Amino acid sequence: MIEVKNLYKHFGTVKAVDGVSFKARDGEITGLLGPNGAGKTTTLRMLYTLMHPDQGQVLVDGIDVARDAQAVRRQLGVLPDARGLYKRLTANENIDYFGRLQGMDEALIRMRREQLIAALEMADIANRRTEGFSQGQRVKTAIARALVHDPRNVILDEPTNGLDVMATRGLRQFMRRLKEEGRCVLFSSHIMQEVAALCDRIVVIAHGRVVADDTPDALRTQTGEANLEDAFVKIIGSEEGLAA
Amino acid sequence: MRTTLTVFLKEVKENLRDKRTVLSALLYGPLIGPIIFVMIINTVLTRELNKADQPIKVPVIGAQYAPNLIEALKQQGFVPEPPVANPEAAVREQDADVVLRIPADFGQSWRKGETAQVELIYDSSQRETGGSVERMKGMLEAFARRQGAMRLVARGLSPTMMAPVSIDERDQSTPQSRAGQMFAILPYFFVLTIFMGGMYLSIDLTAGERERQSLEPLFANPVARWKVLLGKLGAICMFSLTSLLICVVGFGVCGRFIPAEKLGMVLNLGPSFALQVLLMMFPLILLLASLQTLVAAFAKSYREAQTYLGILMLVPALPSILLSILPVREADWMYAVPLLGQQVGITQLLRGGEPTSAQIAMCVISGLIVAMLATLVTARVYQSERLAISA
């Protein structure tokens, strides 16, 4: 479970995150929806301890990020906005490297790697160097690498960005599977179809603030719009930066 | 410890797969120094030695005015050439190293017992002609001394009248110390090799990794950044150390092809020299790895890092340049200054002197301390929030 309480992060005069609070529960998929530049990536970066909040608190499974960042990182599987694979290593070697950095022993790493490779259907590329991988192959490798230590909480920053229809479908199935395994899945997106199709709960962010936080159905009722797209436009107050 | 080892092994493996890094760290970098060095020295020496052995050919203007002089010079290996029309131009154009001009009144002055004049026309700014000019002067002076002595004898005076003071030169330089002076550039080659050996790696492991956006996922792992840094530094040191080893061995082998003994010099680049060089250079390996990483951490891209490191590469050259321009006396404190200490110490080795173990210890310890400080600063920079964020 991930709890975010009143988070602030400013860069100079730019208020990237300006008082964000929400909860992402275990066994649920929580979508962080917002237009480009709304503060999604910055918020997530504070969750996985790459950035320090100016103010506010983040709790992952009850552990305070400010108190024990390393313990928090052990509870998290992170697919950052920057996928950055090591192109002179094979997909397997990329995964193993992160497994070792997580402190896992070799047998366990091998077992988890095989599981993930099967689940992500990437056996055909596992022994290839990642140089020249397609966008979809890269995302798969990056996800396998991020989840090798079997984390309770999974953070995915725009996971379907740049993927074709088939790859996107596959990835959605994989995320549902993570949810069924009882994990807490938090992902960001600026594509509402995706959020609507996947999420148990939607947190809408605009201009660094949370403007809505509810189930898809409740959002529809709340705004009085039957169509989710119209509901979002009403919540955010403009159509800027959202994709259908 | 395990984290550091994991990072170290991964970086070494990944970079061994990179052709450019391997070639530059293990081939060009360490071997180009010895090879170029031997080639240059060989060319210069061979030319000088050839010149010294061969008869010296000099165009002579007015040879008919001093047949005796020409005959005497011929016995010393002098070969008169036909006169040239414009000796000044010929010398400037390097058609001749030196031209001898004998004026028409030479014979007249000679017979009167006056000082007869000859002219040597040469251009001292053309360095390679210096040897010929010196030999020519030497021959003329020898002739003049002998003739002077004969005139005194003819008048019943002792030739020693002409030489109230005689100079007996006792040069205290040894064959090795002359070599040391000549090969003063050698220490810089070693520093340069370390620098080149680690350069691509240090750029790749920080600026490169940030540019490829893999630093952010890396730091999402539950490991302390300084442990990651140590692993990366270890990999850089591994490459630069290997590079240095190859370079030292390369000099040891190539040194055999330098005909130093023909110049009356001894150049000892054998195992004992190599070991002491490695010992003194060891702290520089750590220091340069830290400095290169530090610089690369400030750069936003691979290219920017390359530019900065190009500038940083000139810094180790400073002691070499300074010491060759200002012939400062070697002093103990110099061993405590990294780079300068190595320069002084290795020059000393080349001169055949033995740096004391206290001096070597000072050189190594001070180097290690500075390297540690540089590593601490780099670790601080590694902690910064900005480092991992590529976009």
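Cβ from N, Cα, C; glycine included.
Per TrEMBL, these features apply:
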DOMAIN    B:31-374  domain 'ABC-2 type transporter transmembrane'
TRANSMEM  B:21-41  transmembrane segment
TRANSMEM  B:182-203  transmembrane segment
TRANSMEM  B:233-253  transmembrane segment
TRANSMEM  B:273-296  transmembrane segment
TRANSMEM  B:308-328  transmembrane segment
TRANSMEM  B:358-382  transmembrane segment
Go through the chain and flag residues at least 6 beyond the ends of the transmembrane segment (B:21-41) whose CB is under 8 A from any CB in it; none is fine as an answer.
15, 185-186, 189, 192-193, 196-201, 204, 239-240, 242-247, 250-251, 253-255, 257-258
Criterion met for the transmembrane segment (B:308-328) and the transmembrane segment (B:273-296) (at least three Cβ pairs under 8 Å):
yes
Among B:182-203, B:273-296, B:358-382, stretch most in contact with the transmembrane segment (B:233-253) (C-beta, under 8 angstroms):
B:182-203
